[in-house]
Amino acid sequence: MPEYRSKTSTHGRNMAGARALWRATGVMETDFGKPIIAVANSFTQFVPGHVHLHNMGQLVAREIEKAGAIAKEFNTIAIDDGIAMGHSGMLYSLPSRDLIADSIEYMVNAHCADALVCISNCDKITPGMLIAAMRLNIPTIFVSGGPMEAGKVIGVANIQPERRLDLIDAMIESADDNVSNRQVEEVEQNACPTCGSCSGMFTANSMNCLTEALGLSLPGNGSYLATHAGRKELFLEAGRMIVEITKRYYEQDDETVLPRSIATKKAFENAMTMDIAMGGSTNTILHLLAVANEAGVDFKMADIDRLSRVVPCICKTAPNNHDYYMEDVHRAGGIFAILKELDKAGKLHTDVYTIHAPTLKDAIEKWDVTNPENTRAIERFKAAPGGVRTTQAFSQNRIWKTLDLDREKGCIRDVAHAYSQDGGLAVLFGNIAERGCVVKTAGVDESILKFTGRARVFESQEAAVEGILGNQIVAGNIVIIRYEGPKGGPGMQEMLYPTSYLKSKGLGKACALLTDGRFSGGTSGLSIGHASPEAAEGGAIGLVHEGDTIEIDIPKRSIRLVISDEELAARRAEMEARGSKAWKPENRDRYVSAALRAYGAMATSADKGAVRDVSQIER
């Protein structure tokens, strides 16, 4: 029987000083001996996905205390990728994932907490907390802030029909010379109407959905709107459940509630299967690889490639399809509706554990909104957007009269009526990316699934943006942005502005983009990222010359620099001959802080999840 970790600092004569300090935090004499639950919040006023989390930690804490445990809240950092986008701030986004994981490890281990509640929401916060959960392997539950409502705009002087929109529309239209200043202003004012993570299937929402598929959060966690009053119950239930599973582990020796018992190889395959089926962000691949690495699970790019070939796309939302947003996914039954359709097609391992049901199979049955007997599930997934601008959580209680149960033409479809039999994400291999690169196929037009073009080479995102806005890119070009990987950036910037500007210039279906950097979950089009190994690690993307021909064949999962092996070897030898200047960008003027240099010194390429490898600096 495992012993409560907290006894280290709460029991024994020699811990009198520690107990004195615990008392100063509000712990009473009768509390000693109760489990101590750490509540890792990520509230910040910088990020709309986190601005409403101010009181969430205490909401969970009070429920924990009612259930018979001690709750202690602390905070982590949270970076808004959208605000950090397009300037040097984006260098800090991915490295913050590791800082978040480290900070949680430090706080939980320093204070000997017995269990953990992770209150996350946006892009790097959820994966950072997942990494911490795997590292600590104590009872853990995730509850996120929820997605924002989709924006709406009527159009200038009510001439245009009403349309829904999001952050990406503001970025694209701001660079489109055919869109007036007034139209841009209207889009800007309406794109992000409420608190919550951005309204499409971008990175934040993708990751929060994946915590459901992994079995570490409650049903609805990824799709229940931040503004809806019903979401409050997720936080309250998380507070009660963490105490329950904590006692099951420490008092009943039930290891099935531990993160590493839940997030097994089968669970990672389930999560990736669901991700492919819903056309999630390519960043999810990066993060799942990193989380699996921390969990000690042998889950690699080859596994993702294998799954991508057999899983169809059965849910297609913004940015890949502007008919549907997260609020529509929720109305259709949420993530468990997607999981049900995948299970019917034999695509899942349903014998895995979850924190809220004995097995995934049990959970799918319990949360099936097509079963009229599941009244709790039906009530939860009728939650609708309020349509009122607000930064307040739980501020409206509007409900849909009916659910979207149309599995032929609705938001979530059965496998027979899939949006495409090819999944929403794919891994490509070839001489330019020997360890793979990633594309969100759900966002690629069918006309360019096979594409051959001439390389336009840029040594930084800034140079590429300047080239695109300066009309240097024409139809048939493949924009190469290199030395933007985890090590080369350092920090692996998102390339949302280059892809958005290509659309602004009318080149969204006429060009491709290849980078060793990554993309926002809001990216669509023939945008291929995570080229591994990256240029700074000796990857062949660093050997591409201006005007080279590159062939892309998504159905065959291939990408090829059209030169001979001998020519490629000669270019590599020429690069190596540059000595200390080899595998470094030319003429790039970029300030890199000591913190970023430290990250870059340990960072691995994207095919390994961009995790830190301390052995690279050990002597």
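Every residue, even glycine, has its Cβ placed from backbone N, Cα and C.
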Could you look at D81, D98, D166 and say which one Swiss-Prot places alongside D123, K124, E494 in the Mg(2+) site?
D81
Give me the sequence-ordered set of same-chain residues, not including D81, D123, K124, E494, with a C-beta within 8 angstroms of the centroid of the Mg(2+) site's C-beta atoms.
I79, A84, M90, S93, L94, C122, T203, A204, N283, S520
Checking the recorded positions D81, E494, S520, which are within 10 Å of C122 ([2Fe-2S] cluster binding site) at the Cα level?
D81
If you measure C198 ([2Fe-2S] cluster binding site) to D123 (Mg(2+) binding site) at Cα, how many Å is it?
10
Reduced DSSP state (H/G/I helix, E/B strand, rest coil) at C122 ([2Fe-2S] cluster binding site) is coil
Lowest 10 Å Cβ neighbour count of the binding-site residues D81, D123, E494 is held by D81
Looking at the binding-site residues C122, C198, which one has the fewest other Cβ atoms within 10 Å of its own Cβ?
C122
One finds that other Cβ atoms within 10 Å of the Cβ of S520 (active site, proton acceptor) number exactly 29
